[in-house]
Amino acid sequence: MPRSCYSRSGTLLLALLLQISMEVRGWCLESSQCQDLTTERHLLECLRACKPDLSAETPVFPGGADEQTPTESPRKYVTGHFRWGRFGRGNSSGASQKREEEAAAADPGFHGDGVEPGLREDKRSYSMEHFRWGKPVGKKRRPVKVYANGAEEESAEAFPLEFKRELTGERPAAAPGPDGLGFGLVAEAEAEAAAAEKKDAAEKKDDGSYRMEHFRWGTPRKGKRYGGFMTSEKSQTPLVTLFKNAIVKNAHKKGQ
């Protein structure tokens, strides 16, 4: 009883598949596997023989021939003259580029041109080494401080700030020169001479008013230039006095 039910269901399934296969390919029934359908083994062999033929074909849609979906070859023929229908590195589609980018992101060592990442980095650094931004950014070098005294350089880190100030205030000891005198004595003599000059200048300032001879207003007055012989005494008379004298002379002449 179970075998008869199985055979009936298998027969119905085979009939359905055969009907579809007849529409797709009529020679499926003419094969040797589908000649004898009485046994279960022959039925399964016929199903296996017709199944690859059905899967290889495109699905059949109802309607006329003009309503069927176009095949791949006419589609390629229609879009072949467009830029996105061509194959190539420069004219590849956006989907292929996206797939390449995803593959590159998944595999860090993969590049589309097949070049190893180490070689690419070397080439990039070589081609951009003449640019300022192509050089690696390193730590800025600080200028080296040069001290006049060797003790200050040695004690720059060992002594605190107060000791540094004391060291900067002190001067190195006088070293004996080739003539037997120390540089310290020469410095003391120069300091004494400068102090004497300052003292003399202060005394001169106390004696009289300080004249700024190097300025224009430090020169003697106009009346004192050239010993005073260029100016006449009449010019010193006021103008009002001259007018009075002239009026008196005119009145005296008229009275005569």
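Here, residue 1 is simply the first one shown, and the rest follow in order.
Each residue, glycine too, has its Cβ placed from N, Cα and C.
Summarising the annotation, Swiss-Prot assigns disulfide bond to CYS28-CYS50. Mapped onto three states, the DSSP output places CYS50 (disulfide bond) in helix.
Among the features that Swiss-Prot reports, O-linked glycosylation site is placed at THR71, with the record citing similarity to another entry.
Under the heading N-linked glycosylation site, Swiss-Prot lists ASN91, citing similarity to another entry as support.
Feature annotation from Swiss-Prot assigns phenylalanine amide to PHE87; the stated evidence is similarity to another entry.
What Swiss-Prot records for SER125 is N-acetylserine, and it gives similarity to another entry as the kind of evidence.
Residues or ranges marked as phosphoserine by Swiss-Prot: SER155.
What Swiss-Prot lists as region 'Disordered' is 88-120.
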Cβ neighbour count (10 Å, all chains) around CYS50 (disulfide bond) is 23
